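Notes follow once the structure below has been shown.
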Ligand SMILES: O=c1[nH]c(=O)c2[nH]c(=O)[nH]c2[nH]1
């Protein structure tokens, strides 16, 4: 039987790049998901294992990061054009390049603080029992926030398994799940209370020079409690969405916290509650 190679392509899917442009104290972020897919003279690679026409997918990923450092990201169409042209014009074996980019939008919440567009959900849980006890929990999930500086992490335990390097400047990003307990039912406006609590969470995240996500978590809960008298307890669950500065030195490029790999897993998960000393008993509220 005679068979032959059909259509084929290959590339690196979903390179998660966050680029921070620093205009002095004011930062700008571009958060993108870049997929490259190349095709060309790939018969030998498939038929005999001869890789001499193959530009590795790892190289394609590195090119994405290096180009972000060299040229910035700009409009995603321009970044995609630059990459696609590069692969086709520099490698004779590559005859077609397809570059797909998704961009995630961020709203500014401070000079180096951002809140991601969309996806946020408002929540509530009400518990009422036959003795007439009622508790109201309000909250939100998937409030995604990022500080491009103002975050440190050092002074932690080191043992024989520790490889983490201490840092005095890192990106701090998390998707906040927050729930807060109302001290009494019948808040005059749950809408107003929600907006105020949400604003406190964002302002405290943006305004806290962080030595750990744990410290930031406490500051966020504390801000809600000191600003919103109707709320007596806050519980927070915050994944540490790690952003790793990419080592661009093999390409002769520095990277002063400008180009990051946004990893999705594993992630640190920081959880905790903050409550008023005189908070009434929570009963079944959290169960
Ligand atoms: O804010 C942090 N808290 C941690 O407990 C921790 N652990 C870690 O590896 N990185 C971080 N960051």
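Yeah, the Cβs are placed from backbone N, Cα and C, and that goes for glycine too.
According to its DSSP assignment, residue 12 (active site, charge relay system) is coil. Here TrEMBL flags 12 (among others) as active site, charge relay system.
Here TrEMBL flags 57 (among others) as active site, charge relay system. Reduced to three states, the DSSP call for residue 57 (active site, charge relay system) is helix. Other C-beta atoms found within 10 angstroms of the C-beta of residue 57 (active site, charge relay system) number 16, with every protein chain shown included.
Annotation source TrEMBL lists active site, charge relay system at 242 (among others). Around the Cβ of residue 242 (active site, charge relay system), the same chain contributes 262, 263, 267, 268, each under 8 angstroms and 6 or more positions distant in sequence.
In the three-state DSSP scheme, residue 240 (O2 binding site) falls into the strand class. According to TrEMBL, the feature O2 binding site maps to 57, 240.
The feature 5-hydroxyisourate binding site is assigned by TrEMBL to 57, 153, 170, 214, 240. Taking Cβ-Cβ distances under 8 Å and a sequence separation of 6 or more, the neighbours of residue 240 (O2 binding site) in its chain are 172, 173, 174, 213, 267, 268, 269, 270.
The urate binding site annotation in TrEMBL covers 57, 58, 153, 170, 214, 240. In three-state terms derived from DSSP, residue 214 (5-hydroxyisourate binding site) belongs to a helical segment. In sequence order, 270, 272 are the residues near residue 214 (5-hydroxyisourate binding site), counting only same-chain partners six or more apart with C-beta under 8 A.
Its own atom aside, the Cβ of residue 12 (active site, charge relay system) has 19 Cβ atoms within 10 angstroms in the protein chains shown. Using a 10 Å Cα-Cα cut-off from residue 57 (active site, charge relay system), the recorded positions that qualify among 12, 153, 170 are 12.
Residue 12 (active site, charge relay system) is 32 Å away from residue 153 (5-hydroxyisourate binding site) when you measure Cα to Cα. If you take the Cα of residue 12 (active site, charge relay system) and the Cα of residue 58 (urate binding site), they are about 7 angstrom apart, rounded to a whole number. Checking the recorded positions 12, 57, 58, 153, 170 against ligand 1, the ones whose Cβ sits under 6 Å from it are 153. Taking every pair among 57, 153, 170, 214, 240, the residues recorded as binding 5-hydroxyisourate, the greatest CA to CA distance is 37 Å.
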